[in-house]
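Notes follow the structure.
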Amino acid sequence: MSKPRTRVAVIFGGRSNEHSVSCVSAGSVLRNLDPERYEVVPIGITTEGSWVLGSTDPESLSIRGRSLPSVDADGSALALTADPTRSGDLVALDDGEAGKILASVDVVFPVLHGAYGEDGTIQGLLELAGVPYVGPGVLASAAGMDKEFTKKLLAAEGLPIGFQVVLRPGTATLTDEQRSRLHLPVFVKPARGGSSIGITRVAEWAALDDAIAHARRHDPKVIVESGIAGREVECGVLEFPDGDVRASVIAEIRMPEGADDDEAFYDFDSKYLDDVCEFDVPAKLEDSVSDEIRALAVRAFSALDCQGLARVDFFVTEDGPVINEINTMPGFTSISMYPRMWDAVGVDYGTLVSTLVDTALARGTGLR
């Protein structure tokens with residue numbers, strides 16, 4: 001008798017400005033979950049926050065030219081019950097079917113990027129509901145989403161980070177003293193965002209206020225960081241079902257030669273639309289530097305109390321590696337660096353997502 005398949009809810013879309021990236025990531029996950037092992041229940045969240053039963057066709061979640069996918073409200077409306085005695089039940093909301101159990105899932109893969117998904121909110125819901133899920137828990141997800149608290153936790157562990165200033169709501173701009181501690185160029189970012197959305201490279205102080213206003217269209221709290229001269233690299237961290245935590249090879253992102261100052265960082269279009277960046281997987285680094293980065297990535301994973309997975313971004317400077325950010329639900333598109341780094345060490349995409357699901361099931365929910 002064959003073993004029953006594990007029912008996996010893949011949740012994507014969401015209310016954040018990374019909605020479309022989440023959809024593309026989910027399409028790749030759907031494409032690579034082994035149908036002999038898993039029964040997939042796709043759940044889309046619209047930009048307004050409605051939950052609907054999605055399509056199992058991954059092509060519906062692909063980038064077409066420069067057109068990005070999104071979740072519409074055409075599917076059957078549903079909700080996940082927060083009652084742990086009915087763990088995993090998906091309840092219909094549409095008239096005529098309200099209250100009907102559409103499915104009961106064993107584990108959730110929340111392929112959500114940004115606010116209302118990657119920031120601890122859905123992780124809290126899943127903990128309340130008693131449903132195992134892929135990725136870090138509430139604390140790590142919330143801390144990893146907020147660049148202010150990410151760096152505070154990393155600094156507390158003695159990990160190398162760059163200098164930043166936090167502009168809270170109501171603080172219009174930098175003081176003269178803060179400007180003197182930063183050095184141009186600076187990067188102005190939404191404090192709780194990803195996919196390089198809302199980021200501006202500022203080469204002269206006259207452009208600062210416009211950059212702050214641009215970032216505040218995405219988040220009332222803004223980060224201003226000193227630019228760091230160095231090579232931009234990334235490292236993946238993966239937890240296995242037995243609790244072993246490993247780091248991947250290092251990947252380097254290189255902007256094309258001749259890019260002007262306004263294009264010389266890895267922004268949203270460079271990541272998903274323009275195909276202008278060049279990548280080295282693995283990065284061409286001295287073995288000692290690669291080993292140091294991999295060790296720092298695992299330490300950062302531990303500092304935030306992550307589980308499951310993370311991607312840690314670095315600059316390699318003349319004085320050594322500096323941690324830039326940690327991403328607790330990295331992109332899972334076909335071109336995303338996280339799956340590419342693991343593929344380079346023999347963990348292909350299908351094995352990667354299976355490992356993540358198996359780790360989530362082994363971990364369970366609750367205090368741990």
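Cβ coordinates are placed from backbone N, Cα and C, and glycine is handled just like the others.
Taken verbatim from Swiss-Prot:
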| type | residues | note |
| --- | --- | --- |
| BINDING | 179-234 | ATP binding site |
| BINDING | Asp313, Glu325 | Mg(2+) 1 binding site |
| BINDING | Glu325, Asn327 | Mg(2+) 2 binding site |
| DOMAIN | 151-358 | domain 'ATP-grasp' |
Integer Cα-Cα distance in angstrom, Asn327 (Mg(2+) 2 binding site) to Asp313 (Mg(2+) 1 binding site): 8
Pairwise Cα distance for His214 (ATP binding site)/Glu325 (Mg(2+) 1 binding site) [Å, integer]: 20
Glu325 (Mg(2+) 1 binding site) and Ile228 (ATP binding site), distance between Cα atoms, whole Å: 13
Cβ neighbours within the same chain of Thr200 (ATP binding site) - under 8 Å, at least six residues apart: Phe187, Val188, Ala207, Asp210, Ala211, His214, Ala215
Among Arg179, Val186, Gly193, Lys221, which are recorded as binding-site residues, the nearest neighbour of Glu325 (Mg(2+) 1 binding site) by Cα: Gly193
Cβ neighbours within the same chain of Lys221 (ATP binding site) - under 8 Å, at least six residues apart: Asp146, Glu148, Val166, Leu167, Arg168, Pro169, Pro190, Ala191, Arg192
